[in-house]
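Marked as transmembrane segment by TrEMBL: B:42-62, B:113-129, B:141-162, B:168-185, B:228-256, B:268-289, B:295-313, B:325-351, B:386-406, B:413-431, B:485-508. According to TrEMBL, the domain 'Oligosaccharyl transferase STT3 N-terminal' annotation covers B:44-443. TrEMBL lists B:556-612 with the feature domain 'STT3/PglB/AglB core'. The annotation region 'Disordered' is assigned in TrEMBL to B:740-763.
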Amino acid sequence: MKFLIALVWTFCYASAVSYGNWENVYFTRTLDLKKGYVKETDVVQIKNLDDKPQDTYYFPLSDGIGEITKLSAFIATFLDQVVILGSELVEIEELEGKALTYKLTLPAPVAPGSTVDIKARYVYTSGLSPLPAKIEMKDVQHILLTLNKYAYSPYQTNQYQLVFTGITKGQEMDVIDGSDSEQEPDNLPKDFKPRIEDKSLVYGPIFESLPPFTVKSMGLLYEHNRPLAKAYNLERSIWIPASNSDKVSIEEYYELTNAGAELSNGFSRVDWMQGRYESTRNHWALSQLEVKLPDNIESEGIYYTDKVGQVDTSKEYQGYLVLQPRYPLFGGWNYNFTIGWYNPLSVYLHKLTEQEDTYMVKFPVLSTIQDISYDNVKVNFYLPEDSEFVGVSSAIDYESIEVGNELSYFDVSGGHVKVTLTFKNLIDDLSKVDLFVQYKYTAASYWLKVFKISGFVFTGLISYYLLRLIDISIEKK
Amino acid sequence: MVSEKKKQSVSTSSAPLKQKEVAEVVPTGPKILGVKLDTIRLLLQVIIFISIAGASISSRLFSVIRFESIIHEFDPWFNFRATKYLVTHSYYDFLNWFDDRTWYPLGRVTGGTLYPGLMVTSGVIWHTLREWLALPIDIRNICVLLAPAFSGLTAIFTYFFTKEIKDSNAGLLAAIFMGIAPGYISRSVAGSYDNEAIAITLLMATFYFWIKAMKLGSVFYGTLTALFYFYMVSAWGGYVFITNLIPLHIFVLILMGRYSHKLYTAYTTWYALGTLASMQIPFVGFLPIRSNDHMAALGVFGLLQLVAVGDYVKSQIPSKQFKSFLVISLVLTITLGIIGLVGLTTLGWIAPWTGRFYSLWDTNYAKIHIPIIASVSEHQPTAWPAFFFDTNMLIWLFPAGVYLCFQDLQNEHVFVIIYAVLCSYFAGVMVRLMLTLTPIICASGAIALSKLFDVYLDISELINANPEEETTDKKKSTGNRKANIFFILLSKLIVLLTFAFYLFYFVFHCTWVTSNAYSSPSVVLASKNPDGSQHIIDDFREAYYWLRMNTPEDAKVMAWWDYGYQIGGMADRTTLVDNNTWNNTHIATVGKAMCSSEEVSYEILKKHDVDYVLVIFGGLLGYSGDDINKFLWMVRISEGIWPDEVHERDFFSERGEYKVDSEASQTMKDSLMYKMSYYRFNELYNGRDASDRVRGQTIPASQAPELNVVEEAFTSQNWIVRLYKVKDLDNVGRNLHSATQFSKTEQSKRKRIAKKPVIDLRE
């Protein structure tokens, strides 16, 4: 009976979109909840049921209830070898609002009946919310993760396992959600119960076959006494000097918040002082930020300011810049600030030998605060005035790129060339990703600028001298 | 006439411009090492000027080095905010600026009630640097560094001013004194972005041009005087000082029988142009012809016309007839003048004397009638040590300089004397007027000192003595002369070394005062760590930034008026009252809310839509400028409006002392201010008696205050700023007192309930 329903389902869907003919031999989801976002690793063994070789596999994120709205990064590889599979986000009408879907293209078609192991890793920053939403300062924060308990695959899954790691205490909860009425609970496995195994919470594996697009929303309430740091906006500016001074200025403007639980009462300093929460790392108020400074090179001239001036509570410690906001951030509290420093440029700049006057700079997309997610990130490269932007390459997708000009100090013609890359939903781990910007800057444009500035100064002095020669006195000599 | 001209050119011979002329007249001037003496003098002067400007600017940068580039204190925050408004909006928007984020719910016609000179100056600098020189400097840095930059200009104008009085030697001394005198530095350190920062420069410029105009009878200089007067009017309310000083100068000169056409030309040019120009400032408007502060200038203008007519008549008719003409016209003028003045005042055409004006003459006036003026610390009479502190040795050179002016009583010396006398008095009445006294102290001190140096540095006597000695060739008298020369040399050396020491000490003192007393931003406090390093106490900005980041943008914050500008500038939230104390009733309302019991306060808070209440509490840290110490002023000001409801006496203990400990009066303990200051303060001491480090009193744990109508929203790290959120009306219509009591008793019960699982868990 079940099989029939499943078949009908498959048929219905297949009629709308052709997903190909695959079967998931096993499907293991591992959710890492150590940080303030979800890192999910799905390992799937897929089997070609078709009679022809196939190379296209559809992989909707394990969602189905529209919880994963802020996807940060997605990468699919083979399980046993580092071969990145071609992945493309596709829009499928029937999955609209339910799950983001990737179309994976295998490097070589899979022969009928044979299997291949795929590993998909992705990170999302949505789906987490504190429960209860308002707690007292001394309470422990609990986070509710809303997710689909099963795999949301267009194919039938024969064996399924769900693992949560990085949590100390957790419990499953029902989520009242009207959207999953299509799936009757009775066609789902009955005894899909968790157990604790090697510091993680493990469901399954079960060996009953799951029909395609199985949805059962579930809540996982777990203890997470760390802040959910989130930056609404980050504007990272990299100023590349025109002259050969070996200094690049990096400035980052954060609009920070804590997405965790709010205080149920007003902030009481007495409680805060008596609880000594500031010195413990294990509290859900965000009272300390650790910014990773560039490795192995000296960062000098570090400053930390906000809109009312300098903040004195920062120190450099073992390659990290440790910042204290002016006040601890409880859930819903905001804090905007700016940090900046200088690095030697030679580490980042490379002059291309094959092309004349062409330079390449390499900078990480983030120099990030630890354990944080970013909604919007703008990376601005300020190239020298009159330089020519050639191109950019990035390992992760950017939303948009914009090339413009901005007038800055001693800009005598168009202004610095400003290249802005916009990213969405980044996380701290992506700070390893580098951006490469290529630009052309001739010695002629450098000297032109020098002569222009000195020309202005000279003209000023000469005109002053000439004006002095004019006799404006009205008295007779 | 001719002789006077000659004198003129001699006395100004060292000015760089005139230098050329002199050099042309005498092509082979004295030379040293083949370089013309005048060239060397010019070079030295330029170097000295650069050094003076360098010294005056760099000593004002202590605050930036010790702390950071930040706007200081209270009023500068408003000026800064206004400047930001100016550079982000158009100039006309700025003049028509109605600010609904202050004086809620009244608002303030800010554009029409400020002196725009300061903001326009920095706006112009900002635009020039940005658009012409490709230097997009942050407006904050321009505001912070404006005062030091102008102090360099002040020194230069003081040089020119003093040069007109004596000579360029005195001028240079005056310039260096002006550059580093603490009396002026106190209002012009980097970050002290206040009207006075540029006003003193303009004051000296106006006076310099006035002396010049009066000396030469020049329309050109009269116009320049008017121009700088206009700039001054646009920048500072203290322009009234000029408006009265120049007429007084003329008046005294007329009384001394020194009327001349030059005076007439200079004064009428200045008055006509200056008055018309000053009326272009919206805040001034028609005041110059209506307010009594300005009547003296108008009166002298009229008088000058009469004197001019009299002068003309005198030259036309015999002296006998002239006497009767004089008597009759004098009587007529005086009676008409008085009748006119009284009549216009009673009709309301011209404004009555303002309270601030009265408090200038009667130091007790404000204390009795206008507590709000008396409550401002800078309106207090100056303590005597302050004179020494602010001017050091100049304070005793000052009378000597004035005395020397009497010796050589030219018209300009009369000016110096009048300025000195008037300002000495004013500076004694109000601390802040120390600022206007400082320039004349510097000038007079420089005159005295340079006179002294003129005498004691003059070694021509010794050089001239030598050839005589050789020609006479008498051994006895040679011995005598040698002894004589020795004593002359000795006396000169002693005097010179003494004054060299004083000068050295003066520089030392000024630097010390500047770095220790006048360089604190007061927004940021500094203390020392045990190891001697600086520890920053940043509570104000912490709390203001919290307000800015975590409250709705239209939240209304009630605080005592001292903090109004800072809240507007740093927290960017709407305030009820601020440092522009234009509405006494509104301030009294806030005072009443602070000093009344919770029920009364709550009504006021709700009527004014207050969301947050901010109090400053120094009890934990020992910060003495807190609200409990200012509390009596709040009481007094509100008592002025509601004498039936607020009584100052109720806030004192049985024995008439101002106490916050167990002896505190019930009214005191019930006041919202007391409660908000000490709320949960005892818990910091684990429930024992808490000690207030400002007042050295203990707050008994048994009288720990309870709050019903407000709840704690935020307290800064050292408890200096405490923020309370005003509770909403209870949604079941209870009064807030019983609601709070109810929830307190409920809390323990609720905790037990919470243990039951609310949601179905399926682990």
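Just so you know, glycine gets a Cβ as well, placed from its N, Cα and C.
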Task: For the domain 'STT3/PglB/AglB core' (B:556-612), residues assigned helix / strand / coil by DSSP - done: 33 helix, 6 strand, 18 coil
TODO: Please work out which recorded stretch in B:42-62, B:113-129, B:141-162, B:228-256, B:325-351 has the most C-beta pairs separated by under 8 angstroms from the transmembrane segment (B:268-289)?
DONE: B:228-256
- [ ] Using a Cβ distance cut-off of under 8 Å, indicate which of B:168-185, B:325-351, B:413-431 has the most pairs with the transmembrane segment (B:141-162).
- [x] B:168-185
- [ ] Return the stretch with the most CB pairs under 8 A relative to the transmembrane segment (B:325-351), choosing among B:42-62, B:228-256, B:295-313, B:386-406.
- [x] B:295-313
TODO: Could you pull out which residues elsewhere in the chain have a CB under 8 Å from any CB of the transmembrane segment (B:386-406), counting only those six or more residues past its ends?
DONE: 165, 177, 181-183, 186, 413, 416-417, 420, 427, 431, 434, 438, 440-449, 451, 502, 505-506, 509-510, 513, 517
TODO: Please work out the mean pLDDT for the residues of the domain 'STT3/PglB/AglB core' (B:556-612).
DONE: 90
